[in-house]
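To start, the structure under review is shown below, and the notes come after it.
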Amino acid sequence: MAAAIGLNGVKVGTTSSQAYLEGKAVKETKALMAELCRHFYGLGWVSGTGGSISIKVHDDSIPKPQQLILMSPSAVQKERMEPEDMYVLSENGSVLSAPSPKPYPHKPPKCTDCDPLFMKAYEKRDAGAIIHSHGIESCLVTMINPFSKEFRITHMEMIKGIKGHGYYDELVVPIIDNTAHEHQLTESFAKAIEDYPKTTAVLVRNHGIFVWGDSWISAKTQSETYHYLFDAAIKLHQMGLDWSTPNHGPIQSARRGLSIAGESNLSTKARKDNSDIGPYPRCIVLDIEGTTTPISFVSEVLFPYARDNVGRHLSATYDTSETKVDIKLLRSQVESDIEQGIAGAVPIPQDDAGKDEVISAIVANVDAMIKADRKITALKELQGHIWQTGYANNELEGIVFDDVPEALEKWNALGIKVYIYSSGSRLAQRLIFGKTNFGDLRKFLSGFFDTTVGNKKETQSYVEISQSLGVDNPSDILFVTDVYQEATAAKAAGLEAIISIRPGNGPLPENHEFKTVKSFSEI
């Protein structure tokens, strides 16, 4: 076979035999792509030659990272594509087989402009297929709040169609800004994938969406689910209802005098109790440790449980995709720690060193990280998965202060959105509030933020939160924390801030300028 031609016209060496390229597996995948594109055209996802698709050629005899990649061509009528119109690429993105030119009025063949984005999804997510849709729902939903960097929705049955999500979970999809050409999205697309390790999609404002899965069935199922949820969000917005809150109640811009049908006795009481107070905040963002939950629960229950069960958890889940992602994050973090000379960091060997060697190194690193109380994403992700097992086995139960449930219900009745911002992962946060000494409190929470938005002591983190929540002014957000430096950072970003005084909390600087509360009933 002659040398292959790279996507930029550069000749590269052949990586697959002609017989295999013309074999059954490749032919069937090409035919499948043509069939799917006709279906997507009917859904309005690939009209006007827009959109694209890529699928790996499944072959049990070839490791997934080394399987061939098929991509649709650019600027063609997707509903009229034939199997022979598809490009075949090697695992590193070099073209092994390209379609033959067609007579006028067809344009010369060209591989999809999305190829570098598809390759990022294959590289960073071990995807088996990626779908790029120009469906109008995925475009319009990014335009409702032109400054939002995330799409968030919760308490919708169809959320269960997204990998790793259930009815009570909040689905978070990152939004990146559009560019003139799709390949120019590569950098921001890759960053979104890194910043949101649980996402299976990236929205592009005023453009569309990229969705991936471990197979074409998973990618298709999730694409259909995302479009359903976007359509639901748009229709709820048109009805004046807030899709991002658990009860999907009326969108509120002013809290005084609002009317909610069938409000509870607590709702009525809340209004009377607060009739002499000025305008309510549109959103309240709560810290966990030392604010909603005793510090002792985190330091004396959660941390020891995670530390004592690292080895058991990794041994039981070592071959799962979730744990593979956790190990990859930890290995990258430890490599950085070693370069910086951070105490306690020991190299984590590659997988070929053996399961026991890898786990032993991770256990040592996690122990050092927990002792140093490090607020890093790699550690928090693993801890969250360990705690998930603990809650599922009834070995853990979240603890909140006695005043928290009533305050959450009161704020919810007033139409105030409540969010959590903690150094623990979003999963860990949902676990704490999903199974507490007062039952499941997630129905009162509109969303969760963790350190993927930034360090809690940095002002930019609160800028990101205010932009994500879509408020007119950062001062519409009240942040409650027990840490002075966090309150200071939030205030610098324009948020209102209150410091929580709870048993076991650390001392505050003298003559600090913040209001303090000993109970949420004082807010």
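The first residue you see is number 1, and the count goes up from there.
Glycine is treated like the rest: Cβ placed from N, Cα and C.
Unlike curated entries, TrEMBL annotations are predicted automatically.
The region 'Methylthioribulose-1-phosphate dehydratase' annotation in TrEMBL covers 1-242. Taken from TrEMBL, the feature domain 'Class II aldolase/adducin N-terminal' covers 31-234. Per TrEMBL, substrate 1 binding site is recorded for Cys114. The Zn(2+) binding site annotation in TrEMBL covers His132, His134, His207. What TrEMBL lists as active site, proton donor/acceptor is Glu157. Among the features that TrEMBL reports, region 'Enolase-phosphatase E1' is placed at 284-523. What TrEMBL lists as Mg(2+) binding site is Asp287, Glu289, Asp482. Feature annotation from TrEMBL assigns substrate 2 binding site to Ser422, Ser423, Lys456.
Shown on the structure are the features that TrEMBL records.
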{"residue": "Cys114", "record": "substrate 1 binding site", "contacts (Cβ under 8 Å, 6+ apart)": "Ser52, Ser54, Met71, His132, Glu182, His183, Phe210"}
{"residue": "His134", "record": "Zn(2+) binding site", "contacts (Cβ under 8 Å, 6+ apart)": "Trp45, Val46, Ser47, Gly48, Gly50, Gly51, His207, Gly208"}
{"residue": "Asp287", "record": "Mg(2+) binding site", "contacts (Cβ under 8 Å, 6+ apart)": "Ile420, Tyr421, Ser422, Lys456, Phe479, Val480, Thr481, Asp482, Val483, Glu486, Ser500"}
{"residue": "Glu289", "record": "Mg(2+) binding site", "contacts (Cβ under 8 Å, 6+ apart)": "Ile295, Val298, Ser422, Ser423, Asp482"}
Fewest other C-beta atoms within 10 angstroms, as judged across His132, Lys456, which are the binding-site residues: Lys456
The one of Glu157, Asp482 whose CB sees the fewest other CB atoms within 10 Å, among these recorded positions: Glu157
The region 'Methylthioribulose-1-phosphate dehydratase' (1-242) [mean pLDDT, rounded to integer]: 91
Beyond the site residues His132, His134, His207: chain residues whose C-beta lies within 8 Å of the centroid, for Zn(2+): Gly50, Gly51, Ser133, Gly135, Ser138, Cys139, Glu182, Val204, Gly208, Ile209, Phe210
Largest CA-to-CA spread of substrate 2 binders Ser422, Ser423, Lys456, angstrom: 8
Count of other CB atoms lying within 10 Å of the CB belonging to Ser422 (substrate 2 binding site): 25
8 Å Cβ shell about Ser422, Ser423, Lys456 centroid, substrate 2 site members excluded: Asp287, Ile288, Glu289, Lys375, Tyr421, Gly424, Asp450, Thr451, Glu486
